[in-house]
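One structure below.
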Amino acid sequence: MANAHDTHHEGNHGSVKSYMIGFILSIILTAIPFGLAMSPSLPKNLTVLIIVAMAVIQVVVHLVYFLHMDRSKEQRNNVWTFLFTTLVIALLVGLSLWIMFSIHFEMLAK
């Protein structure tokens, strides 16, 4: 009974090198938008586009280097769960905004 918890599933844990690469990429992907916001040398639309692109890339970096999501068989369930969660959140936010805008326009018409 004392050894009931001896079975551990060894997942793909990252190495120090992997974590350092992820950390350095995260710093770079944070510094670029910060620099663009602090010194507005580009047009506003381009700045916003670059900041959004850096945010999306940073999400991917975090998923790969810190959450260890990849295309391996062991991570397949985690990837599908993440994709489903992303879909549900996108639907929740998108449809909520659609409802609020519809209500707003209906209130203006009266």
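Numbering starts at 1 and runs along the chain as it is shown here.
Backbone N, Cα and C define each Cβ position, glycine as well.
A quick note: this is a predicted structure, and the numbers were derived from the prediction, not measured.
As recorded in Swiss-Prot, the features of this protein are as follows:
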{"type": "TOPO_DOM", "residues": "1-18", "note": "topological domain 'Cytoplasmic'"}
{"type": "TOPO_DOM", "residues": "40-46", "note": "topological domain 'Periplasmic'"}
{"type": "TOPO_DOM", "residues": "68-78", "note": "topological domain 'Cytoplasmic'"}
{"type": "TOPO_DOM", "residues": "100-110", "note": "topological domain 'Periplasmic'"}
{"type": "TRANSMEM", "residues": "19-39", "note": "transmembrane segment"}
{"type": "TRANSMEM", "residues": "47-67", "note": "transmembrane segment"}
{"type": "TRANSMEM", "residues": "79-99", "note": "transmembrane segment"}
### Task
For the transmembrane segment (79-99), could you work out the same-chain residues 6 or more beyond its ends whose Cβ comes under 8 Å from its Cβ atoms?
63, 69, 71
### Helix, strand and coil totals (DSSP H, G, I; E, B; other) for the topological domain 'Periplasmic' (100-110)
10 helix, 0 strand, 1 coil
#### Entry: Within the topological domain 'Cytoplasmic' (68-78), residues counted as helix, strand or coil by DSSP
6 helix, 0 strand, 5 coil
